Amino acid sequence: MEIWQAVVLGIVEGLTEFLPISSTGHLVVFSSFLGLEVNDRAVIAFNAIIQGGAIMAILVYFFNDIKRISFAWVKGVFNKDERGFDYRFGWYVIVGSMPIGVAGLVLSGFVERIFNLWVVVIGMIGWSFVMWFAERVATQQRGERHINMKDAIFVGAVQVLSLFPGVSRSGATMTAGILRDLDRVTATRLAFFLGIPALVGAGGLEMREAFGGSVPFASLLVGIVVSAVVAYASVAWLMKFVANHSFMIFVWYRLAFGAIVALLLLLGVLSPT
């Protein structure tokens, strides 16, 4: 893999990992456009490992929040008088992360077997209508201090659907938060916090398995750094964007991207697998 290809894929990973538009589908499509064999072990390894850059970005962006919530949770475990909102939020993250943890272990083999670009297209377009429905019906009245365990369980359960290629983890969890009548900023923050354990766990597993691939070190390093920088900027932009805008721009983008990929598949420009 050339350095310039690593830069392009690092940008794609950083841009799409936390936006509700499916990073997996974009990486596969762009890998193909770059002339890479998407089923080649080195390419699969590279795409898995550069996710580590995006994971580092989200940990850095929310570092102060993670530290505050973690300390509050530990204090609350040993002292009932310290059990404020951050302590409860810590439990929300733990409990809300359990469904994806269990489902990921149970369904990983099945997801790998069904994966192809047609499945990505179905997930991309199909979930767009769910996002549209959420924007239409939800009141979006509740802020972060009004999050409860029911919200965490519901959002965590819906996060399981992100195992289906094309749905997008962020797309699933943000939509679930909106359907629980959380405002967009709160829904997005909750989605990220519930996604951190899933990303660290799944990303660590993928990276461990992927290191057996023959990935050039220079390309790998460039991909990770680019992914981290772009992902940090992407998260910062998204948090500002959702404060004043709906998710409809992502709905239209998903529909357009899914339609374009479907057309390229029909024309034989892209291969489903």
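Using the three backbone atoms N, Cα and C, a Cβ is placed for every residue, glycine included.
Feature list (source: TrEMBL):
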type: TRANSMEM; residues: 42-63; note: transmembrane segment
type: TRANSMEM; residues: 89-111; note: transmembrane segment
type: TRANSMEM; residues: 117-135; note: transmembrane segment
type: TRANSMEM; residues: 147-167; note: transmembrane segment
type: TRANSMEM; residues: 187-205; note: transmembrane segment
type: TRANSMEM; residues: 217-239; note: transmembrane segment
type: TRANSMEM; residues: 251-270; note: transmembrane segment
Stretch-level contact, the transmembrane segment (89-111) and the transmembrane segment (147-167), CB cutoff 8 A, at least 3 pairs: yes
Cβ contacts under 8 Å made by the transmembrane segment (187-205) with residues that lie 6+ beyond its boundaries: 18, 48, 51-52, 54-55, 58-59, 62, 65-66, 69, 89, 92-93, 96-97, 100-101, 104, 140, 144, 147, 151-152, 155-156, 159, 169-170, 173-174, 176-178, 180, 235, 238-239, 242
Two-stretch contact, the transmembrane segment (147-167) and the transmembrane segment (217-239), at least three Cβ pairs under 8 Å: no
Leading stretch by Cβ pairs under 8 Å, where the reference is the transmembrane segment (117-135) and the options are 42-63, 217-239, 251-270: 251-270
Other parts of the chain folded back onto the transmembrane segment (251-270), taken as Cβ under 8 Å at six or more residues beyond its ends: 20-22, 25-26, 29, 32, 117-118, 120-121, 124-125, 127-128, 131-132, 135, 166, 171
